[in-house]
Ligand code: 9L3
Ligand code: MG
């Protein structure tokens, strides 16, 4: 089998006190524009997944998260033509600061059993049942 590029991305289910989950719409001009995703992004060289998530959550939605408040929940995996995406999903219920769309993206707080109403990238869709089991 030919070598295939493995891309590591980390994502977070941010859960509020009403058990709603934050999703963000990918902006125009980016890959998968218009689809709704659990916030996160690619690991930079040398980063641990938790460090990536803390950085991305601050960059994208302005919040400060302590590493102890990030708990791993499951993994997503999806094979594209030119790379394989592996994406751990963390859950976070405590953070500091207000959630704000720092990149102009649309944000939505959604109950886990309504997440299927939002078109998502293929890697994110199989994560929904895990969130339903946990939160509904
Ligand atoms: N991706 C999929 N679901 C997510 C995230 C955060 C990312 N919840 C995919 C989209 C891109 C790749 O991972 O193919 C890298 O994401 P970005 O760096 O373009 O945000
Ligand atoms: Mg991102």
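The backbone N, Cα and C atoms fix where each Cβ goes, and this holds for glycine too.
Feature annotations, reproduced from TrEMBL:
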- 26, 37, 38, 39, 40: 8-oxo-dGTP binding site (BINDING)
- 40, 60: Mg(2+) binding site (BINDING)
- 5-133: domain 'Nudix hydrolase' (DOMAIN)
Averaged over the domain 'Nudix hydrolase' (5-133), what pLDDT does the prediction give?
97
Which residue counts does DSSP yield for the domain 'Nudix hydrolase' (5-133) in the helix, strand and coil classes, in that order?
31 helix, 49 strand, 49 coil
How many neighbouring Cβ atoms, not counting its own, are there within 10 Å of the Cβ of residue 39 (8-oxo-dGTP binding site)?
22
For ligand 1, which among the binding-site residues 26, 37, 38, 40, 60 have a CB under 6 Å from it?
37, 38, 40
Around residue 38 (8-oxo-dGTP binding site), which residues of its chain at least 6 apart sit with Cβ under 8 Å of its Cβ?
11, 12, 13, 21, 22, 23, 24, 89, 124, 127
Can you check which residues sit near residue 40 (8-oxo-dGTP binding site), meaning Cβ under 8 Å from its Cβ, same chain, 6 or more apart in sequence, and list them in order?
9, 10, 11, 12, 52, 53, 56, 57, 87
Enumerate the residues of the same chain, 26, 37, 38, 39, 40 excluded, that satisfy the criterion Cβ within 8 A of the mean position of the Cβ atoms of the recorded 8-oxo-dGTP site; list them in sequence order.
11, 12, 23, 24, 36, 41, 60, 124
Whole-number Å only: compute the distance from the Cα of residue 60 (Mg(2+) binding site) to the Cα of residue 39 (8-oxo-dGTP binding site).
8
Give the sequence-ordered list of residues that share a chain with residue 26 (8-oxo-dGTP binding site), lie 6 or more positions from it, and have CB atoms under 8 Å from its CB.
32, 33, 34, 35, 36, 37, 105, 121
